[in-house]
Amino acid sequence: MMFASYQYFQAFLILSFLLPIFSNAHPCSESFQQETAKKGIVNCKKKTLGAEFGWKYSNYTRKLEILFGAKIDGEVGWLAWGLNPGKEPQMVGTRALIGIKLENSTLSDKYNITRYTKLGCQLLPSEIDLEVHNFSFSQGEATEFYMIHATLVLSSEYNDSSLNIVWQVGNAADGNRPITHPMNIHNFDSKETIDLIYGTVLSVETHKLHRLRKIHGILNIMGWGTLLPLGAIIARYFKKFPFQYPNWFCLHVSCQSLGYTLGTCGWILGMWLGNASNHSTFPTHRTLGIIIFTFTTLQMLALRLKPLRSDDYRVYWNMYHHFLGYSLFAIISVNIFLGISILSTRDHTWKWAYIGLLCLLGLTALLLEIFTWIKFWYIKNKEFFAKLLLLCLSNSNQAQGSTSGSKTVPQPDSCPCLASTSQPNADDEYENVVIKAEVLPVESEIEVGILS
Ligand SMILES: *[C@@H]1O[C@H](CO)[C@@H](O)[C@H](O)[C@H]1NC(C)=O
Ligand SMILES: *[C@@H]1O[C@H](CO)[C@@H](O)[C@H](O)[C@H]1NC(C)=O
Ligand SMILES: *[C@@H]1O[C@H](CO)[C@@H](O)[C@H](O)[C@H]1NC(C)=O
Ligand SMILES: *[C@@H]1O[C@H](CO)[C@@H](O)[C@H](O)[C@H]1NC(C)=O
Ligand SMILES: *[C@@H]1O[C@H](CO)[C@@H](O)[C@H](O)[C@H]1NC(C)=O
């Protein structure tokens, strides 16, 4: 119990560390605010895809003035902003105002987005069931923003206290035909339902979704990507050889349990996120996530269900446990890279941070592995020389005995976390610390402290 509450305390610490991510202010950038100020527009918020949206609404005249801007990096690109009179904010059914930037000119027109557009049919200008005045598309005077400016008069078809807004940024166009936007997660996030009168967002806010995705990433990178491998390193190198750390089992189980807990929280969040953005499922990431969760759960059950050391198939069980563990690390890192590629477009911070983490873990394991082998050969030779010495000098063993003592193997009961949980297995784990062929390429078992 004590161990469990310690775990939750740790999880709590980590989560409270993450809470600042939940802060909720997204005012527009300085330069975009200058543009809105010129037009007397007061409401302004940052949106996904680097877009910013300013609006002014009068619920008496039902006039909605909008200024929608985003940067277009390439020679060619387009911006779209529209309203959907349907039940939910989505691409199909949107009445869109689209501004297209071509090499030497800009175009702007109205487009009716249908399900054929989604299927890949050409999108051509058409009439839309929306009263639009003073529609223009141009680059701001003092900014890099390209901006759609228009005044709409909302018919009764549009509910001003729950208005479905959809926007998009694309990077290719053929004359007045915008070409399909990139299929990045942010391009699927670009829609929301807002209350024009109070300026509140009624749908799940895309910023919130984005934050939740980051939290999902952090939880899974920490849990599955860091703590689980760390626990495996502890089990492999600190059990008895090359280092004999008395509390290794406690540490191993702590790492795995905390890692599993964080990873599972992240996984649940991930599944929820997958369902929340139903237009953008990422099947590979999702499937790998489910596989990882299933098999890490199996590995965790292994703590309780593993066969006794005396059982014949214990050696096969060990092989299975280790093989599954190493395969899982491979799948986990692939899936983390996949997740990072979904999450971020231009910013490579996450990718490099995770590569750094992988290198750190890999380097640690590699150094410990090299050290294991050096120590192994050293002990082999020491045994040989010691036997020689024993023949000559019967006194020499005293000095050796003080540095390495196999008699002082501590009892696992000294680990508080195990006292109440899995005594029989822990005991058996301790008996099993003699290095087997599975770790080192020798048939014989090594007795550390052979001279004492
Ligand atoms: C406009 O909104 C205000 C609240 O902001 C409300 O008091 C008023 O009745 C609304 N007018 C109409 C015509 O809906
Ligand atoms: C753009 O303008 C330049 C010179 O003004 C011209 O050489 C070029 O062909 C134009 N490009 C297009 C696509 O019209
Ligand atoms: C626009 O498309 C919708 C179907 O998505 C259709 O019902 C509507 O009549 C179209 N509007 C015009 C003006 O063509
Ligand atoms: C369109 O612009 C003109 C001139 O700037 C202005 O007089 C007119 O009121 C605007 N129309 C609407 C619907 O805002
Ligand atoms: C407009 O939306 C609000 C909030 O969803 C709802 O309470 C109201 O009944 C809707 N009005 C109409 C005319 O549909």
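Please read every residue number as a count from 1 along the shown chain.
The backbone N, Cα and C atoms fix where each Cβ goes, and this holds for glycine too.
Feature annotation from TrEMBL assigns signal peptide to 1-25. Per TrEMBL, the feature heme b binding site maps to HIS216, HIS252, HIS285, HIS321. The transmembrane segment annotation in TrEMBL covers 217-238, 250-273, 285-303, 323-343, 355-378. Residues annotated as compositional bias 'Polar residues' in TrEMBL: 401-411.
Feature annotations (TrEMBL) mapped to structure.
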residue: HIS216; record: heme b binding site; Cβ contacts under 8 Å, 6 or more apart: GLY266, LEU269, GLY270, LEU273, GLY339
residue: HIS252; record: heme b binding site; Cβ contacts under 8 Å, 6 or more apart: GLY231, ILE234, ALA235
residue: HIS285; record: heme b binding site; Cβ contacts under 8 Å, 6 or more apart: ASN335, LEU338, GLY339, ILE342
residue: HIS321; record: heme b binding site; Cβ contacts under 8 Å, 6 or more apart: GLN299, ALA302, LYS306
Annotated binding-site residues HIS216, HIS252, HIS285, HIS321, filtered by Cβ under 6 Å to ligand 1: none
